[in-house]
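Reviewing the structure listed below.
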Amino acid sequence: MAKKSMVVKSSKKQKFPVREYTRCERCGRPHSVYRKFKLCRICFRELAYKGQIPGVRKASW
């Protein structure tokens, strides 16, 4: 889990757009966040396995 202070800090409007970065909306993790879903890889995997993300299914080939 991310520090609450860092989550609040990243949610504020930055003076320069370069300083903005994505965070997982579920846990607040700053790295490995999928922009389309706004989730980190760990939360994405959990929700995908549960079937809570529409249109996402496990790949098999």
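Cβ coordinates come from backbone N, Cα and C, glycine included.
The Zn(2+) binding site annotation in Swiss-Prot covers CYS24, CYS27, CYS40, CYS43. All protein chains shown were included, and the count of other CB atoms within 10 Å of the CB of CYS24 (Zn(2+) binding site) stands at 22.
In this structure, CYS40 (Zn(2+) binding site) is part of a beta strand by DSSP. Close to CYS43 (Zn(2+) binding site) in the fold, though at least 6 residues off in sequence, lie CYS24, ARG26, CYS27, ARG29, each with a CB less than 8 Å from its CB.
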